[in-house]
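Beneath this line is the structure, given in structure tokens, with notes to follow.
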Amino acid sequence: MAAVQDGQMELDAEKETKPEILSDGTSNLSGNTASGTLSSSPLTAAPAGGAPKMEDQQTLIAVLQFLKRNKLTDSVEILRREAGLGEDQEDSQATDGSGGGKGDVDGGDANSLLSRVSITSAAAPQSMPVKRADDQPDVSVVLSAYSQQGDPSLYQVYYSGLKNFIESVLDCHRAELSQLFYPLFVHMYLELVYNNHENEAKAFFEKFSGDQECYYQDDLRVLCGLTKKEHLKGNEVLLDFRTSRFVLRISRDSYQLLKRHLQERHNNQIWNIIQEHLYIDIFDGMPRSKSQIDSMSGSLAGEGRRELNKAKVFHGLLKEPEIEVPLDDEDDEAENEEGKPKKKKTKKDSLGSKSKKQDPNAPQQNRIPLPELKDSDKLDKIMYMKESTKRIRLGPENLPSICFYTLLNAYQGLTAVDFTDDSSLLAGGFADSTVRVWSVTPKKLRKVKSAADLNMIDKESDDVLERIMDEKTASESKILYGHSGPVYGVSFSPDRNYLLSSSEDGTVRLWSLLTFTCLVGYKGHNYPVWDTQFSPFGYYFVSGGHDRVARLWATDHYQPLRIFAGHLADVTCTCTRFHPNSNYVATGSTDRTIRLWDVLNGNCVRIFTGHKGPIHSLAFSPNGKFLASGSTDGRVLLWDIGHGLMIGELKGHTDTIYSLKFSRDGEILASGSMDNTVRLWNSMKAFDEVETDDFTATTGHIHLPDNSQELLLGTYHSKSTPVTHLHFTRRNLLLAAGAYNSQ
Amino acid sequence: HQSSTGREERRFAEVPRESIKLMAESTGVELSEEVAALLAEDVCYRLREATQNSSQFMRHAKRRKLSVEDFNRALRWSNTETVCGYGAQDALPFRPLKEGELFFVEDREINLVELALATNIPKGCAETMVRVHVSYLDGKGNLEPQGTVPTAVQSLSEDLLKYYQQITRAILGEDPHLMKVKSVSHDLDQLNRLLHMVKSLVQNPYLYLGSYVRSLVSSVMYCILEPLAASINPLNDHWTLRDYAALLLSHIFWTHGDLVSGLYHQILLSLQKVLSDPVRPLCSHYGAVVGLHALGWKAVERVLYPHLPAYWANLQAVLDDYSVSNAQVKADGHKVYGAILVAVERLLKMKALSLTLAAEGSGAGLPGTTTGAVGFRENSPGLSPPPEPLSEPPLGIASHLQAGGAGCQWEEWTPVSLPAMYCELYSFFGDSLAVRFSTDPPLGGAPAPGPCQPLEGRKEPASSAPNLENTRKMPQLTASMNISPRQDGSPRMEPQPPSLAATVPGRSLSRSSSSSSVSRSRSSSSRPGRSTSQSRDIFPKSRFPLPQAGPPAFSFIIGGRQMGRRCQGRRFQTSFTPTPPLTTLPPRAYAHKLPVIGRVSKPVRRWTCSHYSLHLPL
């Protein structure tokens, strides 16, 4: 059993953000000095020549202090010599930072340093205005980017000027350029708010909020309430909106049009925002149509950057371990009893073909160190194979039967459900902090005997595993106490020996299903943990929570192995999923994006945008090629992982989709929702119909066929039970679970 | 915080500064106006923020309803003190106090002593458990336990489906067995509910019932005619049910009769069949009679009248049996007797009226005109004059019924002449018929000798008829009458003003000794008058002069002879107050508490505006 080294823990995204913040800060400073000139490059703002000396100095001082703090003394010396600054000058500037116009803002920021994470203040004297806590994004810095003053009354003019321009351009460009509205609107509004132009901000909002796409309504509602600078500082979502650049995909022609227009009009305000807060992903070729844009937009951070989605993803499955089937004889007997010797042959064939062929897209077998198979795992694998030979081949003509596990009297509130892979156990997480485990087979749940009793048993006997169980404790269900807040996520380990639960109390707990006690509490998330899931091979698990990061853990490490940071909002419920080959983790978020992370290096390798509401369910197809996601908007979107493209949209649900599951062969996708229905979709057809030629792959332009109704195979109502979880048994019987809602 | 969220402004609830000041004062802090305003704004924002955060907790708990718990969690995570004391599961009533523009969460005091000493100790929640059932086999089937709708309903559009679900839930409650009327014949309440549903279906102007009318009618007929299981217990008031059903029948017939051809005859046939079947219990007969009555006097004339001689013998036998064991049956018999009496009475009156109108009106006689004593429907058809309302349906129902009679499509029917009919009926009912039929009040009140009364009663219309010798074009006017109620739209039921009622000649004929029935019949009789006045000009002109022209008025003394047991040799002096002028309110008259035969289950409802009274010097 090889473990990933601890030291490899990386804070990639956070590191990523740090230089960005700094560059934001500096570019802002220089941008301020350079007001009045347009820099040609969209990304670097070159300081202009005739800037006031005072502010230039400030910039230099800021840089000096940064260097100093990082103990780059030589550089400090060189810079000081070159800039001709005296040491005392710097100090005086630093201490009475409230001198000039710029210092004013900075000083104010220093006083109002406010961040939800504690600052390592010991090393950071508060008196230094440009001093920043390096480790985390500093609010004051983030916000100070807004400090550039423009005439607040002109904002409306600027915006409507741009609006008029966009509305007057050719149709083909209009749709693309219209993407600018929302990010510009938000940034301009925030700028007004930040600079204390409350009334102007309100008027601006009143006038232009109606123009925004309807799927931004939720964001607008948040914005609308925000009218004070002080409010801005506590709002993490908006801080993130600021720190990350909103990504727009615009064709080169459209971009040129826009650029020319802004330069002609000297519309610096807007140009500055575009430069600083927007990332324009320019592509060559035909501008996209409105529907193409709409299908991809909607997330809090714009679309995913194209080059980001270009990274190679090994979405193939790992080679099945070769297992000699020692029980074949036994199996034969069983088969013979039924008088079907034929079946055995087909089984062998299927097994053989599966294990021999190596998927070209598959990652190397040892790319991620995986735990070695134990004997019991092998036995389970054999069971699995046996079962899979009896699997029902599903299809449009052959829909699965549905078994509904209704939790009755769940007054305390059912929040999460999970089945074991062999469908023998059911775990429920409840809002009253308990986790309950039920056996859904006649086999009762038993604890292991106490240590004293275990000493007494004969360890050499064949049925030692049976002997260690305490018959007296046999019961249909067990309750696990330990959390101190609602349990939002539960997950069984593949070997059925462990159960993970994540809770509002910020911990993930590992429970033993042999002793029914808590083994470990993993602390790391500082905020509610919305979900957790075991890797398909056990050992690793991933968790995601309100702190907007997903963490990868190993059961024998009390600290996370990876932290996947990048989401702008919570990593949501039932929304952290392992790829079947365990090399990737997908997370869905309230920021309406789905990210795929590489477990090996912690990189974000895919960003999928297109959902218009928080994402609440994810499912990988069994072959690892596709991903399905469901959100509060009642839509299921299908994604091609290899190409990084959206390939389907399934409309039909009327409420949040809380569970998605592919059948064991991947032909059917089942979705369960708050609207008390289970819907079955023809996923095979959905995947087949999409033409993923190279062109679409490179440009990322997709034409989605609107064929939800054709793909919908059935809608199945429960009486009054929202569908919380779906599970296909190994023989393709669909199990659904939910708590009966008497209201 | 919570209690202060009051006014709805724009899209958000905003906390006014007054609330802030008030809250500050309650903690002993004096705030200036500015501070309060700033604070208010901040409080609003913080509240909104907390609400937004709490909605996340709601979503992750997979609920639709934001709970106080969610809100508290959001507060806790933002390092704010939580709100205590609102954790109850039940909804908190949020009440406004008008005077002070104050809003507050109602917080009732709990009597701890009572709670502590309560004997009904709650048992505690049942244990959370998992139940599994195969919901859908092979992706289909097994729909039944999932509460799906019948196939006939599935083809409906979404709106209709909702309507259906609402209706079924409202009517059936939790009992799916109610789907069939017959399964609930033991439960009068349920039957009543069903009938009311039928009524609302019929009255809904936006529903096209089409062929469903037939099934509705059959349900209603069931209620009218069947010897319900509930009838076994004499305490059950199945009579009212039958009355109501009959009323409904006529209403259905009136409003939707045109949808199903031959419905009328079908109904008549089935009623007739029941009536002529002596094996059936009396309650069924009663139903048949009230059904006929409700269908209009023509139906009575056509079905009941010819059957009367044959039926009479049976009824007489029942009524004459004084054995104790027969008591219940006899009581039922009285009911039937009363029902027949009422029906026959109206038949006579309507006939007389039609003749009168034919005589008075310049146009023609109006056989189809159905004004009159429809309101009697509700009366306990006691053998002596005092009727008693069994139930108090809205007045409008009476008018429907009335109009229903008017709406009957009637074929050519050679009526028995009125005198002949009267003679025949008189032979059955004797004086009680006379009492009911003899109506119009004398001005002077000079009593006429009893025996001659019937003659006079007959003479009056007969004499007036030749006076105005006009040709009777019955078919034409009948047609107009058929149309008129429909033009009137749905027969809504505002009670008629008494002055209007007084203008209608039908009133004079429909006098009843009971004040209640008087006013009811007034309202009903006024209906055709009004509707025709809207539809046809000529008609009211020909009718309105009638009361002034010389209201037939006489008084009489009845010497009962035939059905002597009840009114043997008594002298009745009937005197009516004069017909009031159109505009003035009639003098207030007195309603007598009259002797009652039959059930006395409901209190006599006095109608204050009774103009007429019947003096019974016994």
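Each Cβ is built from the backbone N, Cα and C atoms, and glycine gets one as well.
Features of the protein shown, as given by TrEMBL:
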type	residues	note
COMPBIAS	A:12-21	compositional bias 'Basic and acidic residues'
COMPBIAS	A:24-43	compositional bias 'Polar residues'
COMPBIAS	A:324-336	compositional bias 'Acidic residues'
COMPBIAS	A:348-359	compositional bias 'Basic and acidic residues'
DOMAIN	A:150-278	domain 'TFIID subunit TAF5 NTD2'
REGION	A:1-51	region 'Disordered'
REGION	A:83-107	region 'Disordered'
REGION	A:324-373	region 'Disordered'
REPEAT	A:407-448	repeat 'WD'
REPEAT	A:480-513	repeat 'WD'
REPEAT	A:522-553	repeat 'WD'
REPEAT	A:578-607	repeat 'WD'
REPEAT	A:608-641	repeat 'WD'
REPEAT	A:650-682	repeat 'WD'
Outside the repeat 'WD' (A:407-448), six or more residues from its ends: residues with CB under 8 Å to it: 380, 383-384, 387, 454, 468-471, 473-492, 494, 496, 499, 501, 503, 505, 511, 513-516, 531, 573-574, 724-725, 727, 729-730, 733, 735, 737-740
Cβ contacts under 8 Å made by the repeat 'WD' (A:522-553) with residues that lie 6+ beyond its boundaries: 1, 13, 236, 240, 368, 370-371, 416, 485, 488-495, 498, 500-510, 559-565, 567-578, 580-582, 585, 587, 589, 597, 599, 602
DSSP-derived helix, strand and coil totals, residue by residue, for the repeat 'WD' (A:650-682): 0 helix, 20 strand, 13 coil
DSSP-derived helix, strand and coil totals, residue by residue, for the repeat 'WD' (A:407-448): 0 helix, 23 strand, 19 coil
Summary of DSSP states over the domain 'TFIID subunit TAF5 NTD2' (A:150-278), given as helix, strand and coil counts: 100 helix, 7 strand, 22 coil
Per-state residue totals over the repeat 'WD' (A:480-513) - DSSP helix, strand, coil: 0 helix, 19 strand, 15 coil
Residue distribution over DSSP helix, strand and coil in the repeat 'WD' (A:578-607): 0 helix, 17 strand, 13 coil
Residue distribution over DSSP helix, strand and coil in the repeat 'WD' (A:608-641): 0 helix, 20 strand, 14 coil
Confidence summary (mean pLDDT) of the repeat 'WD' (A:650-682): 90
DSSP-assigned states of the repeat 'WD' (A:522-553) in counts, ordered helix, strand, coil: 0 helix, 19 strand, 13 coil
